[in-house]
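Copied over from Swiss-Prot, here are the features:
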type	residues	note
BINDING	68, 70, 238, 313	Fe(3+) binding site
BINDING	68, 70, 238, 313	Zn(2+) binding site
BINDING	77, 140, 173, 241, 318	4-imidazolone-5-propanoate binding site
BINDING	140, 315, 317	N-formimidoyl-L-glutamate binding site
């Protein structure tokens, strides 16, 4: 048995009666990659054969879960960022070949090796801040070869580094140039070719859509969801980011894992996702980077007890920010979340948004031994401070993996 002793443990146990599920002066026992026991130090009786690490009063939390990223992509859009700051409109940038299509071109042109090398830098930035589980979407290929290439890279990242990687097929992200004016045909291609092939090759753990006036209609997204459902794949969606599209209510019909962004959710939609057990994933980094003003309906989400996850939305266009700790601070400062809500959002609720709540996201006997020993004592510091208190140890499947 491996033990971490003299620790303050924020278990994030959903059944805990006290804030953060915080346990003072406890020991955490690990065996075979799972949590074996959590006991008060007054009851701990270590064996001479045990491997013991003294936390010296440090805080232990579950490993962080980034449940919404687009971290596999080619190129960057720094020049476009500069143009926007100089007053050039997004429409004009797009006319000059910028916007999402510029990332599609760069991603299509990159070899799998090049894409892996570019993407692993972004992944490592997340791991160094305490992430032990990450979701990675496709969506910058928009043709079969390139979408599969992105998903292959995501799988390889999970094999190469100490992190759980969940992959999501997001072919319904934007309309590729070759389908201009034929969005229904593109949706047919997703349903009849891209989705079945990705599923057959075991490259997709879930299916995502972008339901918005600038992307795809609820009717088109329904077709994708129905095709995913037939294959037994869970669904999720970029919903209500720019307008009230009805996408979240649609997602609730399919018991979606999550609806993400959700700045324009109305109460009827909140009630629908509450009834379906769907997580609302909040993405304050995109809100900040795009200088939006409409924040998610926090009081409605609380009123109807919708679990709120928090994620980076790491992507080249609207949030090139690889920091979960920054997202926690932004969740508090921009969206009015409490530090306890943000920590639950990047652990327990993030796990639920990936359908992994039975394995990760809180600390209890039988759960995966994915946790962080922090150089701080109180969990509120993780949202309060940024760039100050980092991981002292990063434990993945019961083994120390500092990266």
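Placement of Cβ uses the backbone N, Cα and C atoms for every residue, glycine included.
As the structure is a computational prediction, the values presented were derived from the model and not from experiment.
The structure, with features from Swiss-Prot marked on it.
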residue: 68; record: Fe(3+) binding site; DSSP class: coil
residue: 77; record: 4-imidazolone-5-propanoate binding site; DSSP class: coil
residue: 173; record: 4-imidazolone-5-propanoate binding site; DSSP class: coil
residue: 238; record: Fe(3+) binding site; DSSP class: strand
residue: 313; record: Fe(3+) binding site; DSSP class: coil
residue: 318; record: 4-imidazolone-5-propanoate binding site; DSSP class: coil
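When the Cα positions of 77, 140, 173, 241, 318 are compared pair by pair, the longest gap among these 4-imidazolone-5-propanoate-binding residues is 21 Å.
Of all the binding-site residues given, namely 77, 140, 173, 317, 318, none has its Cα within 10 Å of the Cα of residue 68 (Fe(3+) binding site). If you measure from the Cα atom of residue 313 (Fe(3+) binding site) to that of residue 77 (4-imidazolone-5-propanoate binding site), you get 15 Å. Residue 315 (N-formimidoyl-L-glutamate binding site) sits 10 Å from residue 77 (4-imidazolone-5-propanoate binding site), taking the C-alpha atoms as the reference points.
Comparing the Cα of residue 173 (4-imidazolone-5-propanoate binding site) with the Cα of every entry in 70, 238, 317, these being the binding-site residues, the smallest distance points to 238.
Within its own chain, residue 241 (4-imidazolone-5-propanoate binding site) has 212, 261, 262, 263, 264, 286 as residues 6 or more apart in sequence whose C-beta sits under 8 angstroms from its own.
A distance of 9 Å separates the Cα atom of residue 70 (Fe(3+) binding site) from that of residue 140 (4-imidazolone-5-propanoate binding site).
Residue 317 (N-formimidoyl-L-glutamate binding site) sits 6 Å from residue 77 (4-imidazolone-5-propanoate binding site), counting Cα to Cα.
Around the Cβ of residue 313 (Fe(3+) binding site), 26 further Cβ atoms fall within 10 Å across all displayed protein chains. For the pair formed by residue 238 (Fe(3+) binding site) and residue 140 (4-imidazolone-5-propanoate binding site), distance between Cα atoms is given as 15 Å, rounded to the nearest Å.
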